[in-house]
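Right, I'll just put the structure down here and ask away after.
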Amino acid sequence: MSGVVVIRGGRLIDPANGVDASGDLLVADGVIRALGRVDIPAGATILHADGLVVAPGLVDMHVHLREPGFEYKETIAGGTLAAAAGGVTTVACMPNTRPVNDDPSITAFIRQKAASEGTVNVFPIGAVTKGLEGRELTEMGLMLKAGCVAFSDDGRPVADAGLMRRALDYSRAFGALIIQHAEDPSLSAGGCMHEGVISSRLGLPGLPAAAESVMVDRDVRLVELTGGRYHVAHISVAGAVEAVARARSRGLPVSCEVAPHHFALTDEAVLGYDTDAKMSPPLRSTEDRNAVLEGLARGIITVIATDHAPHDQDSKRVEFCHASNGVVGLETMLPVSLELVRDGVMTLVDCLRAMTVTPARLLGLDRGTLSIGAPADVVLFDPDESWVVDAARLHGTSRNTCFHGRRVRGRVKWTMVSGKVVHDDRLRA
Ligand SMILES: [Zn+2]
C-alpha cells in the first residue's frame, strides 16, 4: 500500500470536532490530511467505505496486556492484535504485571516491546504504590518521563485513606490522573460475586455494592481536600454513580468509566456458575445496571473501557470462587457498546466519544480524533452487520469472554494505525 490512502464514501464521525457527515478521508504519510470531498491523488490506495462508519480508532484506557510475567495469559503482541481486530488503536495497559510497572525501567521495557512487537499504540499506566503493596508511593515524576500516562494499583484498591490523600497530592504536582479500583477490602473480603438474591440462591459468598460506593464516597472527599485528578475504574453500582454525579456537579476533577459487561449483563449471568462471568467488580443487580445506563445517558459516566483481562484456562476451569477474576473485551467492545445506541441510551456520536476523544484527553493523548494533522488512527465498521461472538475465533491468547454465543451487530472492517492497515476483516479465517 502506498503512503497515500483515500477512504471513500463513508459516514465520517469525529466526536472531537462535532463531525457526522458523509464524505472521504485522505491519509498521507500516516497523518490525516483532509476530510469531506477529496480529489484522489494519482497512485493512492482506495478503501471503499459505502455503508460503513469511518471513525477515530477506539481508545481503551483499561487493558491488561499481562507482559512482562504472565505471557501464558497474554503478550503485548497478542493483546494488541486483539485490539486491532476490535477497532481499538490505542490501549493504556495496567501495571499489575510481574514485575509490577512501578519503576521507569519497566515502563521503558513495555514501551520498547510495544514498539517492536505491538500492532497498536500502547501507553503504560504506572503503579501508585511500589509492588502494588499499598505502602510506599512510586516515583511518579520519573515514571511520567519514562512514558506512563496515569497511575493505578488496579486489581487492588488504594485502600489506605492517608496514602490515597498523598497520591492525589503528589500527582497533582504533575497533573497526572489517579485511577482507583474502588473497593473497600474490609467489605469485599471473601466475596466472589455480587451480594444479592442470586448469590443467596447459588450459595456463593457475596460482596456488597457498598464495598464500591463507600470507597468512591471517601475518595471524593480526598479529591476535595487535594484537588488531584481522580478517575473511577469499571464503575458498577448505583451508589458510586451517584457519588461521581455529585462530585462532577460541584466541579471536582472526577470522572469514571464503565466496562461493557457491566452495562450489558447482570449477576444472572452467574447462574450456572460460569467462571467467564467472574470479574472484579462482579456483575451486579438489575438496579445497578439501570443506574449505570442512566449514568451513561446523563453524561456522568463519560468513558467506556473494557478492563480486558485475559486468563489461561487453568485459572478459569476451577470452582467458581477459586477462579481468577476477569474477562477479555477488546473484540466485543464496539458491537456491545452499539447496543446502547440501538436501545436509545446514547447517540452514536456520544457512544463513540466515550471510546475515543474523552479517554484520550483524560490521559493527555493526542489521539481519538480525525482532526487534520492527527495520526491516522481510524476504524471502519459496518454498524448493522450481525454476527455471533465465538470465543474460539478471538485473536488474543486467552478466550475468556462473557459474551460467547451472543448475537451482536456492528463489525469492524478495517483498522488503521498511523495510516497502516493493521486489521482487515476480509482476511479472516
Ligand atoms: Zn480493577
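Note: Cβ is positioned from N, Cα and C throughout, glycine not excepted.
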Quick check: of N96, N101, which does TrEMBL put in the same substrate site as H64, L65, R66, H311?
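Matched candidate out of N96, N101, per TrEMBL for substrate with H64, L65, R66, H311: N96.
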If TrEMBL gives H62, H64, D307 as binding Zn(2+) 1, which of D153, D154, D160, D217 does it give for that site as well?
D154
In TrEMBL, D154, H181 are given as binding Zn(2+) 2, so which of H234, H261, H262 is in that site too?
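According to TrEMBL, the candidate sharing the Zn(2+) 2 site with D154, H181 is H234.
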Around the recorded substrate site, report the further residues of that chain (criterion: Cβ within 8 Å of the mean position of the Cβ atoms of H64, L65, R66, N96, H311; site residues excluded), sequence-ordered.
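After dropping the recorded site residues, what remains is F70, K73, E74, G79, C93, M94, T97, A309, P310, G326.
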For H181 (Zn(2+) 2 binding site), identify the closest of the binding-site residues H62, L65, N96, D154, judging by Cα separation.
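Considering only the listed binding-site residues, the nearest one is D154.
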Of H62, H64, L65, D307, which recorded positions are close to H234 (Zn(2+) 2 binding site), meaning a Cα within 10 Å of its Cα?
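Taking H62, H64, L65, D307 one by one, the ones whose Cα falls within 10 Å of H234 (Zn(2+) 2 binding site) are H62, D307.
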Write out, in the order they occur in the sequence, the residues of the chain not among H62, H64, D154, D307 that have a C-beta within 8 Å of the mean position of the C-beta atoms of the recorded Zn(2+) 1 site.
V63, M94, G155, A233, H234, A305, T306, H308, A309
